[in-house]
Amino acid sequence: MEAKVEEKEPEPVENAGPDAPVRLTPMMEQYIEIKAANVDSLLFYRMGDFYELFFDDAVAASAALGITLTKRGKHLGEDIPMCGVPVHAADDYLQKLIAKGYRVAVCEQVEDPAEAKKRGSKSVVKRDVIRLVTPGTLTEEKLLDPAQANFLMAMGRTRGDGALALVWIDISTGTFRVAETTPDRLFADIMRVDPRELVVADSAFHDEELRPVFDLIGKAVTPQPATLFDSAAAQTRIQHYFNVATLDGFGQFSRPELSAISGAIAYIEKTQISERPPLMRPEREHEGGTLFIDPATRASLELARTMSGNRDGSLLKAIDRTVTGGGARLLAERLTAPLTSPKEIALRLDSVSWCLSEQTLCEALRLELKGVPDMPRALSRLAVGRGGPRDLGALACGFEAAGGIASLLDGALLPDELAAAREAIEKMPAGFAAHLDRALADELPLLKRDGGFVREGYNSELDEMRALRDQSRRVIAGLQADYIEETGIKSLKIKHNNVLGYFIEVTANNSGAMTDTDEAKSRFIHRQTMANAMRFTTTELAELESKIANAADRALSIELAIFEELTAEAVAHADSIRAAASALSVFDVSTALAVLAEEQGYCRPHVDDSLSFNIVAGRHPVVEQALRRQAANPFVANDCDLSPQRDGGDGAIWLLTGPNMGGKSTFLRQNALIAILAQMGSFVPAGSAHIGVVDRLFSRVGASDDLARGRSTFMVEMVETAAILNQAGEHSLVILDEIGRGTATFDGLSIAWAAVEYLHEKNRCRALFATHFHEMTALSEKLERLSNVTMRVKEWDNDVIFLHEVAKGAADRSYGVQVARLAGLPEAVVNRARDVLHQLEAGETSGKADRLIDDLPLFSVMLQQEKPKPQIQAKDSELANAVAAISPDELTPREALDLIYKLKELAGKA
């Protein structure tokens with residue numbers, strides 16, 4: 001953002017509005033006109049070295065940014081609120097505004113104030129909005145997280161059948177993806193990508209069926225005119241954007257996909273105004289190509305963020321050993337979208353295995369990778385006119401590192417994925433890389449307007465201009481020496497004043513050498529005669545004077561021209577630069593996962609198309625690292641085998657019982673995380689792992705409510721459980737924890753019981769089901785694929801020791817009172833709880849589970865028959881009658897004691 005000279009504000013003029021006649025300056029009239037075209041954005045109005053905001057924009061911005069709110073002039077009799085931010089710090093303020101959900105229209109001066117004056121004294125400098133800054137269209141380094149993609153997503157929908165598709169684009173890297181979706185998958189597909197901004201047609205935005213999804217997203221949802229999403233116009237829009245005559249090389253897209261592509265491109269053109277970020281060609285993602293993880297599961301497993309929204313404590317943080325921004329983004333992408341093709345998974349695992357087998361070489365690769373800057377984002381900034389010399393320097397630095405990596409890999413026998421990456425690196429534009437090395441100085445300024453970024457010797461005219469600018473005294477002294485030698489006048493001087501500028505001065509006695517001949521007169525032009533001296537100039541000196549006066553401006557002009565030349569060359573090589581950068585990210589992720597595997601003792605999983613799920617000595621990747629950091633006891637590894645018990649059979653279900661604090665939830669989560677890690681192409685925290693590809697992963701772990709939507713914790717649990725039971729199939733993995741705990745005991749037991757039956761008979765999937773309803777363990781007698789396992793504990797001196805070991809069998813207690821004591825409940829409460837528990841256990845009737853088991857046809861309710869009433873014996877009747885006849889309030893202590901002896905005697909006879 002270049003500094004501009006602020007024009008003098010013209011006098012106010014009459015502006016008769018509908019409310020009342022007011023006097024507005026031409027500048028304020030211009031502001032109001034531009035603001036009227038950008039009502040949904042804060043308007044950054046350029047005035048000299050500041051962006052100023054007025055009216056409601058100023059009030060909102062001053063509050064959001066914590067800057068002073070002042071006033072400037074009046075409108076309709078009221079003071080006009082105003083605030084401003086300096087241009088040089090604009091990115092910092094934009095970052096804060098975007099983070100708070102604002103959109104910003106950047107309005108620049110598009111002509112010099114001197115030009116405006118030529119049109120008249122009251123003319124205002126022309127201004128125009130050059131860009132709309134929105135959450136999904138950021139390119140500035142300060143506004144972006146280097147480890148996180150910044151996706152703009154657009155949703156397309158066709159009339160009639162209502163078919164849906166999604167497009168997501170990161171204009172900071174050029175990534176461009178497209179996929180079809182369905183109404184029931186829409187929310188999950190949006191949250192998998194986690195866009196910064198979602199653009200939808202205004203008709204879809206107000207659709208009653210879709211609106212709940214938009215309300216849930218919690219991101220910036222931007223409705224746009226439906227005409228932008230016209231699938232019929234999409235082909236022309238795509239051809240124009242990519243500057244191609246035909247889309248034959250782009251593949252075939254469905255109508256909803258074309259609608260989404262059209263809306264995304266139209267929005268980019270709208271926000272970037274005259275600039276066109278270079279994008280990759282749209283890449284289609286096919287349904288079923290990645291592991292489906294619904295939003296609730298994604299949140300409960302804390303893949304990219306914890307439940308509180310932090311990156312620390314997430315699985316991504318625990319496994320990230322990347323050293324480049326591109327590598328970090330690729331790792332996050334792989335984690336959030338694991339593969340379902342064993343062949344593709346094996347390609348990634350082969351890369352990690354190779355890196356583990358070539359540790360010395362990989363250490364050298366990682367040293368080179370640490371020097372790789374964010375090339376795609378630097379390229380994007382250059383392409384949209386927001387780049388600087390350091391972005392060109394980033395490309396040069398990246399090329400150098402890529403060259404070093406190519407040299408290290410020369411002759412290496414690489415697995416397929418890494419071999420393809422090496423090939424892309426070797427195809428980087430070597431000529432352009434050499435050009436950058438020749439052109440760019442070693443130390444680069446942040447802004448191109450500062451100059452000094454072109455290497456000395458690259459451009460002779462620039463060197464001359466710099467010499468004139470920086471060494472004018474030496475140049476003048478050199479010319480003076482030339483003239484002394486030419487004329488033989490040793491007292492000749494070149495001097496300067498504000499009237500004549502530069503001139504040659506000689507004494508009157510020595511002036512003959514410059515005036516005696518016609519040749520001398522034409523060479524030395526007389527300027528002024530003094531009492532004792534004469535002054536001359538030459539064509540050469542006059543040109544030099546002009547050059548010196550304009551040297552700084554000319555030097556900067558030459559540098560800016562070179563910058564534009566290099567930028568154009570970079571954009572011309574965009575495809576090969578991005579391909580090389582992507583290849584470097586692949587090497588970064590592969591070596592990082594190898595470092596993780598070596599550091600944490602992970603094993604290579606065997607992934608195939610079977611229904612196997614056999615984890616030996618599995619561990620929770622996040623908890624294990626946390627325990628190591630705390631120097632606590634080592635993590636207790638556990639096996640998990642949900643594989644079919646016979647050939648051709650369905651996956652197994654483990655019913656897990658055990659105490660609170662015993663580690664049930666950790667065990668459930670760790671197996672889900674191991675599946676995700678395996679299918680993203682990572683080694684896993686286990687002794688060994690054989691995993692049949694999971695196509696859908698569902699997890700209902702942990703309790704949370706949704707008060708904003710009027711949902712209790714139990715209601716949220718039931719909604720999520722319903723989604724699992726309605727969608728899980730034989731290749732799915734289901735993790736359920738404490739289903740039914742949020743309601744009355746028998747209600748909860750009934751729901752949990754029926755859910756397990758349904759998973760076993762209808763979904764027929766692999767599942768882990770943790771519960772405190774110990775009656776459910778009886779299900780193993782009738783459900784052939786269900787096994788009981790429990791978390792082992794050891795009781796010692798009225799306390800309980802959690803062993804965190806999973807063993808076959810069933811628990812008969814939950815040790816809740818002991819856990820309450822550990823949590824610090826008052827001793828009186830703990831003691832009373834223990835007494836109540838003993839009384840409840842003593843009065844508990846037996847046989848409930850047996851009655852449920854005997855009633856299996858599936859899903860039927862418990863038989864409504866009552867237990868036969870026991871036959872009352874005569875002696876029992878006599879005792880009962882005696883007790884019934886007692887009036888406790890009328891007995892004296894002596895009578896009460898006698899009565900006790902009598903009742904004891906009757907009881908003995910009975």
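Cβ from N, Cα, C; glycine included.
Pulled from Swiss-Prot, these are the features on record:
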- 1-21: region 'Disordered' (REGION)
- 1-11: compositional bias 'Basic and acidic residues' (COMPBIAS)
- Gly658, Pro659, Asn660, Met661, Gly662, Gly663, Lys664, Ser665: ATP binding site (BINDING)
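All features noted in Swiss-Prot, drawn onto the structure.
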residue: Gly658; record: ATP binding site; Cβ within 10 Å: 30
residue: Pro659; record: ATP binding site; Cβ within 10 Å: 21
residue: Asn660; record: ATP binding site; Cβ within 10 Å: 20
residue: Met661; record: ATP binding site; Cβ within 10 Å: 19
residue: Gly662; record: ATP binding site; Cβ within 10 Å: 26
residue: Gly663; record: ATP binding site; Cβ within 10 Å: 23
residue: Lys664; record: ATP binding site; Cβ within 10 Å: 26
residue: Ser665; record: ATP binding site; Cβ within 10 Å: 19
Chain-mates of Gly658, Pro659, Asn660, Met661, Gly662, Gly663, Lys664, Ser665 with C-beta within 8 Å of site centroid, ATP
Met791, Phe802
